Every structure is written in structure tokens, then in C-alpha cells.
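Some features that TrEMBL has for this protein:
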TRANSMEM  44-72  transmembrane segment
TRANSMEM  93-110  transmembrane segment
TRANSMEM  116-137  transmembrane segment
TRANSMEM  201-223  transmembrane segment
TRANSMEM  229-249  transmembrane segment
TRANSMEM  356-375  transmembrane segment
TRANSMEM  395-414  transmembrane segment
TRANSMEM  435-452  transmembrane segment
TRANSMEM  514-539  transmembrane segment
TRANSMEM  559-581  transmembrane segment
Amino acid sequence: MASLPSFEDQGKLKEEIATVEEFTLDGTLDYHGRPAVRSKSGSWVAGIIILLNQGLATLAFFGVGVNLVLFLTRVLQQSNVDAANNVSKWTGTVYIFSLVGAFLSDSYWGRYKTCAIFQIIFVIGLVSLSLSSYLFLIRPKGCGDEHTPCGSHSKTEISLFYLSIYLTALGNGGYQPNIATFGADQFDEEDQKEGHYKVAFFSYFYLALNLGSLFSNTILGFFEDEGMWALGFWVSAGSAIAALLLFLAGTPRYRHFKPSGNPLTRVCQVVVSAAKKWRVRVPSGGEGLFEDNEKQNPNNGCRKILHTNGFKFLDKAAYISSRDSSDKEQGMINPWRLCPITQVEEVKCILKLMPIWLCTIIYSVVFTQMASLFVEQGAAMKTTISNFHIPPASMSSFDILSVALFIFLYRRVLDPFVGKLKKSSSKGLTELQRMGVGLIIAVMAMVSAGIVECYRLKYAQADCTHCEGSSSLSIFWQVPQYALIGASEVFMYVGQLEFFNAQAPDGLKSFGSALCMTSISLGNYVSSLLVTMVMKISTEDDMPGWIPGNLNKGHLDRFYFLLAALTVIDFVIYVACAKWYKCIKLEDKYEQNEELESFKV
């Protein structure tokens, strides 16, 4: 019979347990590169700083973006078509730069350094835009409102303007995918309490983003619409500076993951290694595949990924051939012939995420209608109450209010209720289930918009010349479609952020967040393509088409119903992809220490 440990041994064991419990379990480091102490770093102190930073940065960005098309037409005297195309290019550039920021963060700089550098670029762009507008572009003074166009500008002044807005795009694009992931890094997902906080963080992050844009869409949008462009841009610049200073002030509290090197190289190594061994037969259970334990240090934040059965061809990259075995004995492993199973599983994770990601693009097509066709539809409705005019674009405020309401309802009501129904340790709906709910609500939003359009046409004047306000149907009938879009965002975009962050390998977390942004970008492009196709088909035989300049002669309702039908089809495909999807399997870095594990609280 084994003897009981002495009091001295028990004391040492308790000290060892206390030491383990003091540090985070996910391998995060503090600012000095030491293991992060749980009580002195991260959690909600760092999380709240990042949420405030996100709200201020969003206010700054949308302070420029929300009325950029008006600035181009009123101040730079561009046509509507040129201004719309330039705004589309600028918006697309923001999302392209998000991939650049994610790559630099995951590969070389780390998330903190990437966020800081791109926020500095963001501030430089906004200050430059404010100065150029105040000194050169707003001439004569007071121009740029609805009634007073500005004068001509030199090529140098125009070039300075474009340099400023593209610096702003670079700064925001590189920063945006990393700040969400960096905020999630502040919560240890291997600790039950902080793991729950991490899930809640994404909801509050999206709420902070919407509250920042609410101020831009209302207060700043009003000042800029009245021609006070320099004031609006200076407020945006001041907000960006405040966001940067707040972010830097939280430096001692942040937790960090080390960058894991160029992911493109790792992916190519797996593909090349598997191709070289294409004739090899890999054991069905994956036994005997190579795992380089030395590279998987728990302190570098990159956890081992356990073997899965999907994409079996890639397993050949981890198969140890006789030549690989000889090289291994000599300590000369060729990474282009033999890859660890964790590296192979990283590639599998990316491939498994792609079908889910593709299914989110149609939802983004629906989401983009809020900034385009919803506004045009609202402009053709009754937009006055007594003598007060309601700008059609301001109806997006109901979307933001809906987001805030449904985040509260989900976190406080629905999540606990579903958790009780499931009677399991997991709480609420899974990320994939929530994204599916988001698609269903998006269908309801398009059906609602189509029904409103049917009634708008019923009360409209078909022979009007300038058709703004030509229908007697009040613009407030649009509230349900905006509210439904807001509800769907809570389920789709928040769920999407959580899903890609949880399912992306440790070395590709920022890439996961960038996928969310590129989904929105592709949604814009697919929407433009869809409108072009619909107009080309519906204008045959000299017909006005579904979306003509005069909406009273078109059938915008049919386009909304088409989007609803496409979203239903997308939902069916999504359900199939979600059932096929297998979650990432991460090895518990502390599971081998059974003695300490048994004493954990």
C-alpha cells in the first residue's frame, strides 16, 4: 500500500497548485513576455478598455464614411455615378486592408502591436483630412451644404484628399479584425468563468460598434449635411486620438499571444508534403502520424490540434516514410516533406471553415440593402411629421436600437432559457445555431420590406417627376424591416465573430475575424452584380425594370422577395454545411498533470 505524502510534500504540492492557478491556462503572456497572472491582467478591466476603444474608433470611421458620397458631390463637384463608384472602391479597400492587418498580426507583429500601428495610421489620415478640408477644400467658407457648392480644386489638393481618406481606410482596415480578436484574448477560455465572459464579450463588442455608428449617423451626419464638414472631420479625428490614447493606457493590463509565423508558408508546406506522398496509404485511425512535440510549447500560446478524419489526403503530409524516419533520427527534418499533425490540422480547419463562410455572403447581401435600397424606398415615402423632415438614412437608427435591445434580450432572457431547456453544461444556442436563426430573421426582414413596398406602390403617384415623398405611406412603416435586420445581426454577425474566433487555429485568430469583414465586402459586390443582372433581365422589351430611377414605375417588392427566396435556399445549404462541420479538437495542455488536476477548484 502506497504511503501518504508527508506534510512537507503536501505543502510543496499546494504551493505548486497555487502557482498553476495564479497564471492563465491558455498560454497568454503579459507585456514583458512572462506568463500572464490572472488577477493582474486581462478580464473585464482590459475588455472594457477595448470596448470603449472600439466605440470611439467606430464613431471616427463612420464620421467620414457615412456622408463621404455627399462630400464628393458637394465639395469636390463629382457626379453621382463617379462619387458612388469612388465610395465603393474606398469601402472595398477597407476590407482588403483587413486581410493585410490580419496577416501581419498572426504572422509577425502580434495583435497589440498591429492594433497600435494601424490606429496611428488611422489618426494621421483623419488629421490630414481635417486639415486639408479646413485649409483647402471648403472654399469659399461655408460651402458644401445642399445649396452652396464649393469651387474648383487643384490636382495637389485633390491628391492630398485621396491620400488622407486612403490612409484612413488603411488604418481602420488593418485595425478592425485584430481588435475583436485582441479583446477575446483577454479572457482565458480554458477557465470556465472567463470562458463565459469571452462569449459575452463579442455581443458587447458588436454593441459598442453600433453605438459608435449611431452617434455618427445622427449627430455628425446632421452637422456634415448642413455643410459643417471641417467640424465633423475634426470630431472624428479627436475621437480617433482618444481611442488611441485609451488603448495605449491599457498596455500594462493586456494579455498577449505570440505570433506564430507566416501561415502561407505552413499551408504550402502541408500541400507540397502531401503531394509528394500521394501514393502513400495512411492508416485509417491516423496512428503513427508525426507530431513535433518540441515546437508545441504551452507557453507560446499555440495549442496542439488533435487528428480528425476529414480531408484524409492531407494526412499524407504527416506520414513518416522511411526517408523521413532516417532524417528524423539525424535531426534534419525537411518541413517540405514532413509536417506535424497540428500543422496539417490547421489547413483542415481553414478548409472546413470555407463552406460556412460562403453561406454568410448571401446574408451580407441582405444586410447591405439597409444602406442602399431601404434608403431609396424611404425617400419615396412620406418623410414628414408636421413640418419636421425625417432623413431616410436616419431610419438606420432603428437598426442600431434593435441591435442593442436584442443583445440584452439574448444575453439575459433567451440564453439562460435555452440553457435550462437543454439541461446540459453548455449554455444557450451554439454559434452555428445562432447563425441559422440570423438567416431565418433575414428572410422575415426581406418579406417585410417587400410587403411595405407593395403598399407604398398602392398609395404612390406613378406619374410624378421628382418622386421623393410621392407616396402617402409613412416612412415609419419601414421600422419593422430595420428592426428585423438588427435582430438578425445579433444572431448572425455576433455568432459569426464567436464562431470564427473559436474555430480558427491559435495562429490564425485574426484571419478568422477578417473573414467576417470580407463577407460584408463580398456581400456588397454580389449585391451590385445581382442588381445589374436583375435590371438587365427586367428591362427587356422596353420595360422600366424592377428598380428604375422612378421607383413608382418599378417593382422593388419583387427584388426584395427574390432576396428572401435566395436566403431560404442559402439557409438550406447552410444547414447541410453546419451538420457536416466538425469542430476543432484542441489538446488540453494541462491534462497530463493528473495530480494537480485533481486539486483544481
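Yeah, the Cβs are placed from backbone N, Cα and C, and that goes for glycine too.
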For the transmembrane segment (93-110), distant same-chain residues with Cβ under 8 A (at least six beyond the ends): 117-118, 166, 169-170, 172-178, 181, 256-263, 507-511, 513-514, 517-518, 520-521
Stretch with greatest number of CB pairs under 8 Å, the transmembrane segment (116-137) reference, 201-223, 229-249, 356-375, 395-414, 514-539 candidates: 229-249
Contact set, same chain, for the transmembrane segment (44-72): CB under 8 Å, 6 or more residues outside the stretch: 78, 82-84, 86-87, 90-91, 119, 122, 126, 129, 144, 165, 168, 172, 175, 179-180, 182-183, 186-187, 197, 201, 204-205, 208-209, 211-213, 215-217, 220-221, 224-225, 229, 232-233, 235-237, 239-240, 242-243, 246-247, 249-250, 253-255, 393
Of 229-249, 356-375, 395-414, 514-539, 559-581, whichever stretch has the most CB pairs under 8 A to the transmembrane segment (201-223): 395-414
Selection from 229-249, 356-375, 395-414, 435-452, 559-581, the stretch that has most Cβ pairs under 8 A to the transmembrane segment (514-539): 356-375
Sequence-remote partners of the transmembrane segment (395-414) [C-beta within less than 8 Å, at least six residues beyond its ends]: 200, 203-204, 206-207, 210-211, 213-214, 217-218, 370-371, 374-375, 378, 428-429, 475, 478-479, 482-487, 489-491, 494
Long-range Cβ neighbours of the transmembrane segment (435-452) (under 8 Å; 6 or more residues past either end): 356, 360, 363, 366-367, 369, 374, 377, 429, 473, 477-478, 480-481, 484-485, 487-493, 495-496, 499, 557-558, 560-561, 563-564, 567-568, 570-571, 574-575, 578
